[in-house]
C-alpha cells in the first residue's frame, strides 16, 4: 500500500541534550583558530551492537539496559535504529513506562529519527496507558502518515474515548490523509459509540467516493453507526442495498429494530435471515432477549432463552447477564437474584457486569445477606478490583445502613473514580452523617478529583435532610464559584424543597423567582414541591403566580401538575377555580376526583361532593381510602348518619379496604355532629381506637357543641392520659374539670399538674394585604392596633355577656377569654382587612389562625360578613370557615 502522509512545518520534537564538555580542553576562539586541512575520514561515534540490548531485553534486565543507555549518552555513542525500536517494543511488552520515558529523552541516541520511529514512540506511550503523552508526541511530529493516525485513533479507541476518535477523523481529513479499510471501521465504531451520526454520514460519503462500498467490513461498520444512533430508516435502507450481508450485518439491523421497540419486526427479520441461509448465532439471540427485556416483556425474553437451547445454542454469560439486568430494570429483583443463582448451577462464570447487576438488585431490596454473598463471589472470582463492582458494593452497603462495611470497600478500591466517592458520600448523607460526608468531599478534591454535579447535589440534599439549610445554601452559592460546576434544575429543586421542608416558605418562593431568571427553568418537580406550601389561605396569590409559570412553561400538559393545582386552589380558598381546572382535564384519575371532592368537603359544600362521588362511580372509577373518608365527612355535614354508616361498612365489604384512623375519625365526627354521642362512644370502644388522640378530639367537639359535660369529662380524661404534656390539651382539660366542678360533677380522673401555673397558648393570626403578610397576636399592643384597630374592633364586636353555657354549648376554648387575655388576634386581622380594602366593591378577607376560633370571634365574623358585605375565609386548626351574609360554612360546628 502506498504510504499516505502530508508533510507539516518542521517542529522541534524535543530539546536535544549536548554532550558534556570535556575537562581541560583548550578554549578555542574563532578569530585565532587556524584552518587545519585533513584528508582522513572523520571517526564515527561508537555503535553498540544489538546483541547486548537484545540479551538485556530478553532477560527482562531493563534496569541494566537503562544504565547502558546512560553510559552511551555520556560517551556520545549511538544505537542502531533497529535497536531503538526493539527497546521501545520491550517497554510495550513489559509496560515499563519509566524506561520508555528515558528512551524518549535519549531520542538523539540514533542519528536519523523518522516518522516510523516516532509512531512507535507514540504507540509505546498509548499502550502503557499514558495517552496524554502519546498525544503530545502526536502533536509534535514533523510528519504523520496513515500508520501514525491509526496508532493515535487506536489509542483513543482502547480508552473508549470515542468523541476524540471522531475529532481525530476530522483533523485527519483536513491533513489530507485518507483512512483505509482497516481504519475506517475503528473510526466508525467511535462515531457509533458517541452517537455522532453526522460524522458517520460524512464517512459514508467518503467511502462511496473511494469505492470501498463493496468492502463488507466497512459496510458493516456504517450500518452499525446508523443502528446504534437510532436511525432506523437509514439503517434499513443501507442494509437492503448491501450487496453482501453476513451475520454481523443482520445482527446490526436487528439491534436497530429492537432499540426502536419494533420487536415483532425483528422476529420477522430472523425468519428472513434463515431463508437466506444464515443461521442465527448466539449474538442474534442475545440481541432479541435484550430487546424484549428493554420493552418490559421479560416472560417473552425468558421463553426465547429456553427456546435457543432447542437450536443447539447454549446461553453464555452475556445471555444470562442480559436476562438478569432486564429483570432488575423491570422491578423483578427477586427473580433476578434467582436467575443469578441458576446461572451458577448452569456452570456459567459471571463477569463484572453480572456481579454489578446482582449487587444492584440486593441494594434495591436491601437484602444485606444476599449482598454479602455476592460480595464474596466477587472476591473469589477476582472482580473486587473492578471499580464498577467496587462502586456498586459501596452503594449497596450504604443503602443497607452498613456504613462500616461500605467504608471498608471504599478504602479498598484502588482507582477510585468520581462515582466511588459519590457512593460513599451519599451513604453518609442519607444516614445523617454530613460531617463525615463533607470530610470525604474535601478529601476528594485533595486527591485532584473534581466533584461533579451529583456530588454537589448530594451534599446539598444531605444538609437539607439534616435540617441545616444554612450549610446547604452555602454549598449552593459556592458550587459555581469555587467548584466550577454549574447548577442544574435538580440543584434548584433541592434547595427550594429544603426550605419548604424546614418551614421557610418565603425563602423558597424567593428562590423560585430567582430560578426563573437563571439558565434552568422550573420543571414539574419544582411546581409539585412548591404547591403544597401554598395550600392555605395565605397562599392564594402565590398559587396564581405558580400557575402562571406552569402555563408559560407548558407544564399544564403534565397530569400530576394539574392534579396538584386542583387540590391547592381548593385549599387556598378558591374552590371555583379548582372546579374550572377539574372540568378542563381530559383525563381524570382517582387523585383528580379526590382533590375536588375533598375541596368541596373542606368548604362545607356536601351537595357537590356527593354529586361528584356518584359521577365518579358512574364513570367506572373505584374509590380509595381518601375518597371514602371525604364522603363520610360529607354525610356528616349533611346530618345523614345512616348513609354515612353505609359508606363506612362498604369500605371493607365492597372495596376490600381495611378502615383506617381517618375513616374512624370521620365516623366519630358524623355521630357527634348529629348529637348521637352514645353511639359515638360505643363505636370508639368497638373499633378499639381509644388510644388515638384525633378520635377523642373529634368526640370532645361533639360534647362541647351539644353541652354534654359528662361525656366531655370522659373525653378530657382520655385526652389528658394520652398527651399530659400538651399545653393546648391541658388547657382544655383544666377548663372541663373546672366547669364540671362548678356544675357539681364528681371527678375521678387525675387533674392537670399545673392548674395554677397553666398558661394557655398565645393566639396568632396572619393576613396578607398587598403582597405583605401581617401578624397579629391576642392582646396586641402595637401602635397599629392601639391607634387604628381598637376603635373598629369595639365597633364591630357584639359585647354580649356570656355564661358557662351558651345556647346549651359548653364554653370550653383553647384560648383564654378576652376579659383576661385581651382582644383575640383574628378580630384585629378582620379589622385590618376591612380598613385595607375600603372602597372595594367586593372584598374577600383571608385569615390564618394557629388555634381553634372561639364562639365569640365566630359570631363576630358572621356579623362582620353581613354588616360590611364581605366574604371572610378563616382557617383555624379545626376547619376552613367561609363567612358570608351572616352564615358560616361549618354550620356552627367546629
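Cβ from N, Cα, C; glycine included.
Quick look at what Swiss-Prot lists:
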- 695-770: region 'Type E motif' (REGION)
- 771-801: region 'Type E(+) motif' (REGION)
- 803-894: region 'Type DYW motif' (REGION)
- 114-144: repeat 'PPR 2' (REPEAT)
- 180-214: repeat 'PPR 4' (REPEAT)
- 246-280: repeat 'PPR 6' (REPEAT)
- 281-315: repeat 'PPR 7' (REPEAT)
- 316-350: repeat 'PPR 8' (REPEAT)
- 351-385: repeat 'PPR 9' (REPEAT)
- 386-416: repeat 'PPR 10' (REPEAT)
- 417-451: repeat 'PPR 11' (REPEAT)
- 452-486: repeat 'PPR 12' (REPEAT)
- 488-522: repeat 'PPR 13' (REPEAT)
- 558-588: repeat 'PPR 15' (REPEAT)
- 660-694: repeat 'PPR 18' (REPEAT)
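Outside the repeat 'PPR 6' (246-280) by six or more residues, the chain places 216, 219-220, 223-224, 226-228, 230-232, 235-236, 239, 287-288, 290-292, 294-295, 297, 311, 313 with a CB less than 8 A from a CB of the stretch. Remote same-chain partners of the repeat 'PPR 18' (660-694), defined as residues 6 or more beyond its termini with a Cβ less than 8 Å from a stretch Cβ, comprise 625-626, 628-629, 632-633, 635-637, 639, 641, 644-645, 648, 651, 701-703, 705-706, 708, 711, 714, 718-719, 722-723, 893. Counted with DSSP, the repeat 'PPR 18' (660-694) comes out as 26 helix, 0 strand, 9 coil.
The DSSP breakdown of the repeat 'PPR 10' (386-416) into helical (H, G, I), extended (E, B) and coil residues amounts to 23 helix, 0 strand, 8 coil. Residues of the same chain lying 6 or more positions beyond the ends of the region 'Type E(+) motif' (771-801) and with a Cβ under 8 Å from any Cβ of it are 538, 541, 762-765, 815-816, 821-832, 834-835, 856, 859-860, 863-864, 867-868. Packing against the repeat 'PPR 4' (180-214) from elsewhere in the chain are residues 1, 146, 149-150, 153-154, 156-157, 160, 162-166, 168-170, 173, 220-222, 224-229, 231, 243-244: each is 6 or more residues past its ends and has a CB under 8 Å from a CB in it.
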